[in-house]
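Here is what TrEMBL records for this protein:
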- A:90-303: domain 'ABC transmembrane type-1' (DOMAIN)
- A:30-52: transmembrane segment (TRANSMEM)
- A:90-117: transmembrane segment (TRANSMEM)
- A:129-150: transmembrane segment (TRANSMEM)
- A:186-203: transmembrane segment (TRANSMEM)
- A:223-241: transmembrane segment (TRANSMEM)
- A:282-304: transmembrane segment (TRANSMEM)
Amino acid sequence: MSTPTQTQSETRTKPEGKIARVRRLWNDHLPIWFIAPMATVMVLITFFPGAYDLYLSLIKEPTLNVFAADFVGLSNFSTAFSRGGALHSLIITITVVVSALILESVLGFVLAALVAGVGSGRVKSFYRVLFIIPMAVAPVSLATIGRIMLNSEVGIIPYVINSATPFTAPAFLSKMPLLTVILMDTWNWTPFMFIIFYAGLSSVPDTLVEASRVDGAPLWRRYVHVIIPYMKPVVFVATLIRMIDLFRTFGVVYGLTQGGPGTATQLVSINIYEQMFVNNQVTVAAAIAVVYLIMVVALCNIVIAKVGFDGVWD
Amino acid sequence: MNGKHNRRTFLTATSAGLLTSIAGCTRGGTGSDDSANTDSKSDGGADIPLKKYQQADIDWKQFEDSKINIGAVQHPWVDAIKPAVPIFEKLTGIDVVWNILPENQFRTKRQTDASTGAGQFDVFFMDQVVNQYRHEGWLQPLDPYFDDSSLYDESWYHPGDMFDASKWQAHGGGYSDKWTGLPITVEVQTQFYRTDLYEKHGLTVAETLDQFRQNAKTIHEAESDIAGTVGRGQKGYGMNIYILNTFLREFGTSLWTDFPNNSGLDTDGTIDAAKWYVNLLKDYGPQDASTQTWSDVLTTMQEGRAGHIVADANLFWPDLTGSDSKVGDKIGIAKAPKPADGQFSPNAYNWQISTSKNAKNSKQGFLFMLWATSKPTNTWMHLNNDAAFSVRQSVWKNDEFRSRVGEDFAQITLDSLKAAKPDPFDRKYPQWGQQYSEELQRAIAGQKSAEAAMKKAATVAENIYSG
C-alpha cells in the first residue's frame, strides 16, 4: 500500500519531451498531415493565382503592395464590358467552342469508325499514324504555316483552288476569318477525338456487335443502338476535355489572325492577352479573366452534373 | 527595420531574383543569333581606337570595376554593337551584361522590372510606351547626366548630328521637354517599286498619291498574277496605322489636334487619308490585304507579287535587294508619295535606350548610352557591321557608307529622315492605338466604311482620356 505522498508523485504528469510532443501532434492530426502537401499545392497553383487575379480586378493600378492598392469596386468589370469587348469576345469564343466541338467530335468518330472497320492491321496502323500527325504540330507552327498556306498571293491553298478548280479562292483570313480558324482548329484537333473514339470503339465487346448483326440490325442501327450507347462514357469524357481545351484556345487563332480583322476572331483568351500585353490594361484583363474563369468552371460543372452523371458516371 | 521596409525589400529582391533567373543573360562581345542566350565572353572584334573616346572631356574610368545590366530585344542593333562592346569595357572598366529576349517577352519583363521597382535593368530598350513609363514615374530623365561635366562633353558628342525627329521622339514625342532616353535606331517610310514593271508599262515613279494609285491600277489590271500594291492591313500600332499616319499628316492633319480633347481621328484630313489607303488596298491590293503584316508584305514583294509599296526603308531595303529576293535587282526606291497639295512628312520610328528610376547603376548606364550612340561607335557599326539604321546624319552622308548601301538608298533615306515626323506616343497610346488600328483593319476588310471606322476610333480614343 502506498502512502498519499507516493500516490501524488506517481500520478503527476511527467514533463513531455519535444519529440513526444511532435509525435503526439503528428498522431492526433494524422489526416491533416497527409492532406497538407496536396492542400498546399492546390493553394499555390489554384487558389493563389485566382485570388491574385480577383485582387487585380478590383484595384485601379497594379501594385504588389496590397496595403497601398486603390480599390475601385466593380469599375474594371464595367470597363471590360463597356470598352473592353468582353461580351463580344465571349460570343466569339462560344461560337468557336460549339462549332469546333461538333465538327471535331463528328469527324473524329467517323474517322475512328472507318479505321476500325479496316481489316488489315498494317493499313490500320498507317491510318492511325496519318491521322495523328496534325495533333503533333505546335500551335505557333500551325499558325505560321497556316498564314503562309492561306496567303492569297503566295499561299499554296489559294493557288491550288485557283488553278485546279473553276472557283476563285476566297480571302480566307479577311473575308471568312471565323470559319477559317474553326476549320484550322478542327484539322489540328480532330486527331485527338479520333484517338479516344478509336480506343472506345476497340473496347466495345465483339459479342455485342455480333449479336446485333445476327439479329439483323443494319450498320447504322448497330452504331446508334449498340456501339454509341456503350461508348457513352468515352464520348462524354472526350468532349468534356476537348471543350475545356477549346475554351483555352489561343496560339493558333492569335497566330493566324491576331483576333481580327477588327475583332472578328477575338476569343476571350486573345482579348485578355491584348488588354494585358498590348493595351497595358492589366486590371481590365484581370476582370475579364475572373468572369471567364467563373463562366467556364460553372459551365463544366453543369455539364458534369447534368450530363456526366446521367448514366455515365453513376 | 520596420515591416513595410521588410516587405518592400523582400518584394524587390524577389522580383529581381525572378527576373535574373528567367532572363537569358549574355556578357559583352561578339554574339550571333545562335549564341544570343549563352554566356560568351567578347573576343574584341571591333577596332575603334580608344583615343576617339578619350578625346572627350569625360571621366570614363570613374565607375571602374562596376557592372551594368542591359535589357534588350533580339534586334539587329544588338548584333551590330556587341562586337564593339569590349572597347567600352576597356575604356570604362565597366562590365556589360546583356539580357536579350524576343520582343513580346522583353516587354513583359521590362514592365515587371519597372513597375515593381526591381531595377534589374540599368539600361533598357524603350518604344511606344515611353510616355506611359514616364508618366508612371518609372523612367529617369537623362538631363541631370547631361548637366554633369564628368559624364558629358557636348562638343565631343555632337547631339546636333542626330536627326531632329529622333531627338524629338527621345523627348517623349513632344510630351516631355526632358530626354527620356537616347535614340539608337530609326526607320523611315519610303516607296519601293518594281523597276521592270514600271519600265514595261511606261510608268513614272509616283510623287503624288494620285500617281501612286494610278501606277497600282495599271499594274493590277495589266498583270494577271501581280497585285498593284501591297501594304500593312493587320492591326497593331506598328502595322496599318503606322503607314496611315504618314498619309493623314500629308492630308494636313495630325493625331491629337487638341490633346486630350480632340484625337484628330475624325478630322476631314484623317478620314480622307483613311479612305485613300483603304480604297488603294481594297482596289489594287491582295485579296487578304487586311491581314497582311510587315513580314507578309515583305514576302509578297520579295516574291515579285506586287508592283510597289510604302514601307520602312532601312528595314526593307536589305531584304528586298538581297539574295533572298526573287526581284533583288529590280527594286527601285523613292520618297513616299504625298498629296499634290500636301506636305511631305513620312512617318518614322525610333528605338531608344533608357534607364529606370530604380536602376542601381544609372550613371554607368548613361556612359554606355553615350558611348553606344556616339559618332565613333555609330560610324563603326554602320561601316563595319552591316547596320543601316543610324540616327546620325553624318553616317548617311559618309561616302564609304553610301557606297556600301547604295547611293539612292542613302540619299532617299537621308532626305526622308530630315523631313520625318514620327508618331507622338502619348501615355495611353497603347490602348487607343490598338483600337484605332482595329477600326482601320475593319475598313480594309470591308466590314465598315473608312469614315465610320475613323469616327469610331476618335470616340474610343477620346473616351479613354475623358473617363
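Even glycines carry a Cβ here, placed using N, Cα and C.
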Residues of the parent chain within Cβ reach of the transmembrane segment (A:223-241), under 8 Å, 6 or more residues beyond its termini: 101, 105, 108-109, 113, 192-193, 196-197, 199-201, 203-205, 208-209, 212, 217, 300, 303-304, 307-308, 311-313
Long-range Cβ neighbours of the transmembrane segment (A:90-117) (under 8 Å; 6 or more residues past either end): 124, 127-128, 131, 178, 181-183, 185-186, 189-194, 196-198, 200-202, 223, 235, 238-239, 242-243, 246-247, 249, 253, 263-269, 292, 295
Beyond the flanks of the transmembrane segment (A:186-203) by at least 6 residues, Cβ under 8 Å: 100, 103-105, 107-109, 111-113, 115-116, 128, 131-135, 137, 139, 142, 227, 231, 234-235, 237-239, 242, 245, 252
